[in-house]
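Peer 1: For reference, the structure I am asking about is given below.
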Amino acid sequence: MQRRQRAPPASQPAQDGGRSEDVEVQFSAGRLGSAAPAGPPARGTAEDEERLEREHFWKVINAFRYYGTSMHERVNRTERQFRSLPENQQKLLPQFPLHLDKIRKCIDHNQEILLTIVNDCIHMFENKEYGEDANGKIMPASTFDMDKLKSTLKQFVRDWSETGKAERDACYKPIIKEIIKNFPKERWDPSKVNILVPGAGLGRLAWEVAMLGYACQGNEWSFFMLFSSNFVLNRCSEINKYKLYPWIHQFSNNRRSADQIRPILFPDVDPHSLPPGSNFSMTAGDFQEIYSECNAWDCIATCFFIDTAHNVIDYIDTIWRILKPGGIWINLGPLLYHFENLANELSIELSYEDIKNVVLQYGFQLEVEKESVLSTYTVNDLSMMKYYYECVLFVVRKPQ
């Protein structure tokens, strides 16, 4: 049985949190809510917020449990359409039904992993419990939730597989390089350098920072990500022990049928291999609500994060307030605004030029700027279609 340490206050960097093989990564919960609020939320009672958050928690768990049913329906539809072809055309592809059967086996395997993940997350938070599932049975999940879940499976590729190494090198290495440059071990005690990684996803960037000896805390809002990162960070100690089939949902742009059903192994490293005395934790909740203590962080590292805001200026304001004087903000990512064109959602879509002007008006000093850092995001490396982002990398400093 692994033992847990008490989680640090969600709005503060962890202090002197020892980490060894028998100590789990601490997960503490702030306010997560039922969905991302459109602008300033209209506050209900605390009881209403707790109820909505509890419902959302179980709704996401239900999506994990419903995955197999949803995906089998998708494959069955494909088979029905194939069987509707003239018999002479079906005979041209005798291997096609066999391929669908292979996909079904992959679905069943993915479902086993997803059930393992959620079976371990009921009591994952140090400071919050969500009771028991009031419904008690698996219900159909929304298309939105199933898309989020399929996207989460691809996050395992990006963060914790050998296949995702090239993508991590493109996205994470430039950030880590700037951290090392600004906080060299010759002049800093890394354990005293508090680094925050908002939008931590499955936690690999934050983990890599902690591996260097820095005191690091990841923050994530999505239960899909939180359940999965808890599983990897706290339940996976054997390299490449687990297998997933992340590409079986992609029925287009496959060069070969085998490409669709190829597996990935995870984790490619032992997440428990952090150095003795490491200070690493995760918080769950809205970045802007959880982090309210002024002048608390030496460094904030954001990767593919700032375009998740309804209003990116709110993010800039929060970062300005919580950074220590002399602290730095490192950002890498595109501006694919998540709430653009969504009905009833506030979405302020600024150009990089506008964001840069706002950042400078707050008082940040620009130290590094690269406007064409080429990267992908959860890319299928064998797909016939790939998206590439020309990301912006900047480093700004809050004056002393």
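Each residue's number is its place along the chain shown, starting with 1.
Every residue gets a Cβ built from N, Cα and C, even glycine.
So Swiss-Prot lists these for the protein:
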BINDING   Q155, R158, G199, E220, D286, F287, C303, Y315  S-adenosyl-L-methionine binding site
BINDING   D307, H338, Y389  carnosine binding site
COMPBIAS  28-44  compositional bias 'Low complexity'
REGION    1-51  region 'Disordered'
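Give me the local environment of each listed feature.
Peer 2: In the three-state DSSP scheme, C303 (S-adenosyl-L-methionine binding site) is classed as strand. Around C303 (S-adenosyl-L-methionine binding site), the C-beta neighbours below 8 angstroms that are at least 6 residues distant in the chain are C171, Y172, I175, V197, G199, L205, N331, L332, G333.
Reduced to three states, the DSSP call for Y389 (carnosine binding site) is strand. Sequence-distant neighbours of Y389 (carnosine binding site): residues of the same chain at least 6 apart with a C-beta under 8 Å from its C-beta are G333, P334, L336, L374, S375, T376, Y377.
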Peer 1: Please report the Cα separation of D286 (S-adenosyl-L-methionine binding site) and D307 (carnosine binding site) in Å, rounded to an integer.
Peer 2: 14
Peer 1: Across all the protein chains here, work out how many other Cβ atoms are within 10 Å of the Cβ of G199 (S-adenosyl-L-methionine binding site).
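Peer 2: Summing over all protein chains shown, G199 (S-adenosyl-L-methionine binding site) has 23 other Cβ atoms within 10 Å.
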Peer 1: What Cα-Cα separation, expressed in whole Å, is found between Y315 (S-adenosyl-L-methionine binding site) and D307 (carnosine binding site)?
Peer 2: 10
Peer 1: Taking the recorded carnosine site as D307, H338, Y389, identify the other residues of that chain whose CB atom sits within 8 Å of the mean position of the site's CB atoms, giving them in sequence order.
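Peer 2: Sorted by sequence, the hits are F304, T308, G333, P334, L335, L336, Y337.
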Peer 1: How big is the gap, in Å, between the Cα of Q155 (S-adenosyl-L-methionine binding site) and that of H338 (carnosine binding site), rounded to a whole number?
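Peer 2: Q155 (S-adenosyl-L-methionine binding site) and H338 (carnosine binding site) have their Cα atoms 17 Å apart.
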